[in-house]
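Below is one structure; the comments refer to it alone.
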């Protein structure tokens, strides 16, 4: 009688342990799935928003520009160099390195300010324009003048052709109208001559000439 409760307790503990193990396994699998989904979402968001910035912009004499982008190797090298360079705490330096550190910082800041101001002054004075810009402008100006001259010549030729065609048309119209006027005048003259002859004949009939015996 005493062995049956002990066996029931052991069975209950075994069932509880198996249930806890199953719940733990299910929780781990669910956590892994959620982590994977979250990682995928984050990766897609980063890919969609990532924009590559050019490392430097090269300006040519002709006025054209070319953007140079860094490769993956350059980015890795830059990260390694940043990791290698140690951070300096000026408060922990002695007097010599402390003064040297601030002298270098002042020199670099002064050079950067001079570079910025020099670039602005050069752009205001027009020094930053390309070396042969005047030759390029002159070439485009001459090309524009040639195109305008060709356009004027073409328009004058078209106007002259149109004038010649109109002149030929008017001449042909005059030539077709002129024979009709000549024919009508000839008819008038003939009729006039016929009428004159009839009048002479009538007068001769009315006034007979007396013949001497």
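Cβ coordinates are placed from backbone N, Cα and C, and glycine is handled just like the others.
Candidates 70, 156 were compared with Swiss-Prot; the annotation phosphoserine appears at 70. Swiss-Prot records phosphothreonine for one of 71, 87, 170, namely 71. Feature region 'Disordered', per Swiss-Prot, maps to range 147-175 of the set 118-146, 147-175. If you draw a 10 Å sphere around the CB of residue 70 (phosphoserine), it holds 14 other CB atoms from the protein chains shown. Per DSSP, the secondary structure of the compositional bias 'Polar residues' (162-175) breaks down as 14 helix, 0 strand, 0 coil.
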